[in-house]
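According to Swiss-Prot, the protein has these features:
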{"type": "TRANSMEM", "residues": "46-69", "note": "transmembrane segment"}
{"type": "TRANSMEM", "residues": "135-158", "note": "transmembrane segment"}
{"type": "TRANSMEM", "residues": "175-199", "note": "transmembrane segment"}
{"type": "TRANSMEM", "residues": "273-291", "note": "transmembrane segment"}
{"type": "TRANSMEM", "residues": "330-353", "note": "transmembrane segment"}
{"type": "TRANSMEM", "residues": "369-395", "note": "transmembrane segment"}
{"type": "TRANSMEM", "residues": "417-439", "note": "transmembrane segment"}
{"type": "TRANSMEM", "residues": "517-535", "note": "transmembrane segment"}
{"type": "BINDING", "residues": "Cys559, Cys568", "note": "[4Fe-4S] cluster binding site"}
{"type": "TRANSMEM", "residues": "575-596", "note": "transmembrane segment"}
{"type": "TRANSMEM", "residues": "643-665", "note": "transmembrane segment"}
{"type": "BINDING", "residues": "His654", "note": "chlorophyll a B1 binding site"}
{"type": "BINDING", "residues": "Met662, Tyr670", "note": "chlorophyll a B3 binding site"}
{"type": "BINDING", "residues": "Trp671", "note": "phylloquinone binding site"}
{"type": "TRANSMEM", "residues": "707-727", "note": "transmembrane segment"}
Amino acid sequence: MALRFPRFSQGLAQDPTTRRIWFGIATAHDFESHDDITEERLYQNIFASHFGQLAIIFLWTSGNLFHVAWQGNFESWVQDPLHVRPIAHAIWDPHFGQPAVEAFTRGGALGPVNIAYSGVYQWWYTIGLRTNEDLYSGALFLLFLSAISLIAGWLHLQPKWKPSVSWFKNAESRLNHHLSGLFGVSPLAWTGHLVHVAIPGSRGEYVRWNNFLDVLPHPQGLGPLFTGQWNLYAQNPDSSSHLFGTSQGAGTAILTLLGGFHPQTQSLWLTDMAHHHLAIAFIFLVAGHMYRTNFGIGHSIKDLLDAHIPPGGRLGRGHKGLYDTINNSLHFQLGLALASLGVITSLVAQHMYSLPAYAFIAQDFTTQAALYTHHQYIAGFIMTGAFAHGAIFFIRDYNPEQNQDNVLARMLDHKEAIISHLSWASLFLGFHTLGLYVHNDVMLAFGTPEKQILIEPIFAQWIQSAHGKTSYGFDVLLSSTSGPAFNAGRSIWLPGWLNAINENTNSLFLTIGPGDFLVHHAIALGLHTTTLILVKGALDARGSKLMPDKKDFGYSFPCDGPGRGGTCDISAWDAFYLAVFWMLNTIGWVTFYWHWKHITLWQGNVSQFNESSTYLMGWLRDYLWLNSSQLINGYNPFGMNSLSVWAWMFLFGHLVWATGFMFLISWRGYWQELIETLAWAHERTPLANLIRWRDKPVALSIVQARLVGLAHFSVGYIFTYAAFLIASTSGKFG
């Protein structure tokens, strides 16, 4: 009996119903709530699990390299990146007979394969990989790192190698090592790789371990570094006629500031990127020596925070007390980390398409669309998670005595003002944006499109002009040839930048108009409403006027019975749950906007977006309906084609999504009655009644059913859009 699942909770293990299984799974990672947990074991478990996480990541990336080397067409793709379709891996067992085999045999393969829309081919090519052997050795190296990570994780669970709590709470040492080691040495090493391997590779030189020490990355070697003539490293860059991967038109520079894109690959100059990474490395190596550890020099973070008291008195005691609050709360730290990572992931989405770093990726339209959408959805989940852990911090870790009148306490003190302002902003954005869209819909329906309300985004256009975009006719900053900013950069990076920003074939500073203005505000509505729900959930997590003792009920509770009247739906978990729907909704609008604008750009008919995006029917008809035709035609009486799998996934995604509502709309009582009826039938059916269960079947709790519903809604929503996106883009552009 003692070994029943879950072993971490004897109370749950003795539960006679199926609740034991579901609650066991739900709390498996909530180490804080486990029996016999101590602060020391909590920190050590989390630390060891990080190594397991790393092992999984290394194994997964190793698998990418291995399968492309084994079943892909990397070597033939390298010969002609623009016309050969990159293969991700083979399809072992194509169903649906000969038509399926023919439909999926492409990219020069002998049998059915999947095409890669992840951009790994472009990435590996840019960083200097050229042969299948290179890919295999990369896969082996990552496999080795994966094994090392597993060993390290196991090692740090052994008594002798378990770090103490004081080691985990040594913030200065951790910051120094992460800043210098992670963000300093890593970019420095990457600069080294770019300079020694990738840049020579882009100029037709094949540098590997066997000739690594013989090939000079720069004709003058380290001379300019030691004599202080660093500008020599920037002289003689690749010419605009350079053919990537060959010596034709190649220069000798290794660290440049050219600006703009390589004309052939439409990606940032490798020498610019090497320079960028060197600068980042320098900054963080310095930053990693700022905090006081063994030698009594440098800053103490506690002293810094305690000194942050604005003299005006309008922020009370400022940051006093924050050091211990943050350093003793894993949820606070996780919230900060997730907030940062979420923002960075969204920035990755924005920059991967506008400033592509990998050779030829800008011309692989389906990959561009897939990467943008992927990173925006990931960012959404990570950002909502930040607020979830912020709320858990307020419930489990926040100590009012330690934080009297500091910025954290003052956030709680004026939460009504914060929440009501967010509410006002959301209402304003929602009603005005919908009002404009609906007005325009009605005008088109009545045949008077000239009566639409179309607002030019003049402030955004002015900002684009300030960065050098000339098409709007604003004579300002970098688009004004007489300004000091223009003249200062003219000799170095500006020509490349101006050329790129005014070139209409890339995605840098796209021309915007009334359709962009409207969808921008629709997205702003989604962002503000999501933020409102999340912020309210965190700030009301400890208590509210309606339920002052809320923190005593924990992070997720369904209600406090009928007696209090109206305590359903107000736990911090419920706020997270509602916010995820809004987050998905908002990112839907973001990705619709990005995809439609780019489809029209790539097809050369931007007027379709400009004319149809100003009213809702335009979005429904000319984006969603028009582009789903490939999916609806994925299989027909004439047999299969290569889009059939996406057509099936589109249907399957809708099915998963719709299943979510089964959990979201009907509550416990309905399911409990149904379960009891089914159990009755089971016990009275011959043969079936030979199978017994140890746990009495009961319905999911309200909170659990919501989680299951939300999971199906989210997964179905993303599956459906992924199939739509890839099929509609690859169906047009291959």
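Glycine residues also receive a Cβ, built from the backbone N, Cα and C atoms like all the rest.
Quantities reported herein were computed from a predicted structural model and do not represent experimental measurements.
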Feature contact check the transmembrane segment (417-439) with the transmembrane segment (369-395), CB under 8 Å, 3 or more pairs:
no
Near Cys568 ([4Fe-4S] cluster binding site), how many other Cβ atoms are within 10 Å of its Cβ?
15
Given the binding-site residues Cys559, Met662, which one has the fewest other C-beta atoms within 10 angstroms of its C-beta?
Met662
If you count Cβ pairs under 8 Å, which stretch among 175-199, 330-353, 517-535, 643-665, 707-727 touches the transmembrane segment (417-439) the most?
517-535
Report the listed stretch (135-158, 517-535, 575-596) having the maximum count of Cβ pairs within less than 8 Å of the transmembrane segment (707-727).
575-596
Count the other Cβ atoms sitting within 10 Å of the Cβ of the residue listed as 'chlorophyll a B1 binding site', across every protein chain shown.
15
Tally every other Cβ atom lying within 10 Å of the Cβ atom of the residue listed as 'phylloquinone binding site'.
17
Under DSSP, is Cys568 ([4Fe-4S] cluster binding site) helix, strand or coil?
coil
Between C-alpha atoms, which of these binding-site residues comes nearest to Cys559 ([4Fe-4S] cluster binding site): His654, Met662, Tyr670?
Tyr670
Can you give me the same-chain residues 6 or more apart in sequence from Tyr670 (chlorophyll a B3 binding site) with a CB-CB distance under 8 Å?
none
Report the nearest neighbour of Trp671 (phylloquinone binding site) in space among the binding-site residues Cys568, His654, Met662, comparing Cα positions.
Met662
Stretch among 135-158, 175-199, 575-596 sharing the most Cβ pairs under 8 Å with the transmembrane segment (517-535):
575-596
For Cys568 ([4Fe-4S] cluster binding site) and Met662 (chlorophyll a B3 binding site), what Cα-Cα distance in Å is obtained after rounding to a whole number?
20
With a Cβ cut-off under 8 Å, give me the same-chain residues at least six positions beyond the ends of the transmembrane segment (135-158) that come close to it.
44, 47-52, 54-56, 58-59, 61-63, 65-66, 68-69, 74, 124, 129
Write down the Cα-Cα distance for the residue listed as 'chlorophyll a B1 binding site' and Met662 (chlorophyll a B3 binding site), rounded and given in Å.
13
